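Notes follow the structure.
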């Protein structure tokens, strides 16, 4: 039943709203997969280049990305609550216009790597070539597989992928038949739908290796994405007063999660990494997989804590006979929610930077945007699964009196049971993640680092050979002279 002061929106009013949401989704889908790869293009991301820096690019990105929600959850939410939605939506619009202007003005200073064809087509070419040659016998020596450094040069500026023994049936795409035996001698361009290079085969293998790790993201997102909605409902029913005249908006409580994440990233970078590196002998302290695994573990703890805090909130509501009053303010401070909020912020310290670094490092060089886009699809699937999980629990957990997630009165629900169910799902997901992480094979790369110098060929002492990449390298690519680590 609608309030007389609130009129239901008409179809003509809803259309602009849905169109704007569609445009936001479309814009985010275009921007997010490209930001991290573009950021990496501005720096030397070879192992030598990363080791020479005292800061981690992905931790810095995670920290800077925290500034946006920090502003949104404080300034924008306050304006929205006190001045209306027009100002609340107007401020982000102005901020986006300023961001576009700054990006365009600075575009001449960026290092831009030109695209070299559609990466998805290359994957399909390898798959088709492997199917066509499914009856061919693989050579015992992988060195007999087809390689063409000049052909792969534009898509391997930082390093050429080396052969691995996983998914060996795909190696048939690089098997040279008798009819194709003259290609190596004549240096003719191969028909890529029937013959692929080892590097291109390994690109597909790298993507296939990433899929099981990314699948664990679906259950993780499905478990935690709806928790924010329930936390807002909990906060609305609790005492949010800071002073006699000011109380915290429910959505602003997430600012503590963002602050925990930002402070945690700083502590992780400057204290945890040096400490962990002394124990693990790894300059990064932890591998990306270990870092993400810790994040999954902390997420389980955060969900269990959420269940305990909900029990505490309902006990206070029972004590003051407020279970039947959905709009009543229970005399318990909203800051009781801080432990679970801060733990979720700590999860992001390990998960956000770890995921980005892992995807950037392990995806093929020319497919980093594609890989992050695919990862975003897994996150979207997780959000849909979360909605399905909530709907399923709401439908089958009982009637209005005993439903875990009631429509109107959260005090009469069993939200703590839902949190415990979610924690069980997270434990199952963690077990799955540990198994696939243990069997994960890191991609081997014949690393190429850029050296800013002039000349066409030079030999260095040791085991390094420096040469100019004849194909695909222009003055705009800064006349890179590539160092191949043998």
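Keep in mind that glycine also has a Cβ here, set from the backbone N, Cα and C atoms.
Under the heading transmembrane segment, TrEMBL lists 17-39, 60-79, 85-104, 246-268, 289-309, 329-351, 372-397, 417-442.
If one looks beyond the transmembrane segment (17-39) by at least 6 residues along the same chain, the residues whose Cβ comes under 8 Å of a Cβ in the stretch are 9, 57-58, 61, 110, 356, 359-360, 368-370, 372-373, 376. For the transmembrane segment (417-442), the most Cβ-contacting stretch among 60-79, 246-268, 289-309, 329-351, 372-397 is 289-309 (pairs under 8 Å). Away from its own ends, the transmembrane segment (329-351) comes close to residues 62, 220, 224, 227, 231, 234-235, 237-240, 248, 253-254, 256-261, 264-265, 268, 291-292, 294-296, 298-299, 301-303, 305-306, 309, 312-313, 316-317, 320, 322, 411 of its chain (Cβ-Cβ under 8 Å, at least six residues beyond either end). For the transmembrane segment (60-79), the list of distant contacts is 35-36, 39, 87-88, 91-92, 249, 251-252, 254-255, 258-259, 261-262, 265-266, 348-349, 352-353, 356: same-chain residues at least six beyond its ends, Cβ to Cβ under 8 Å.
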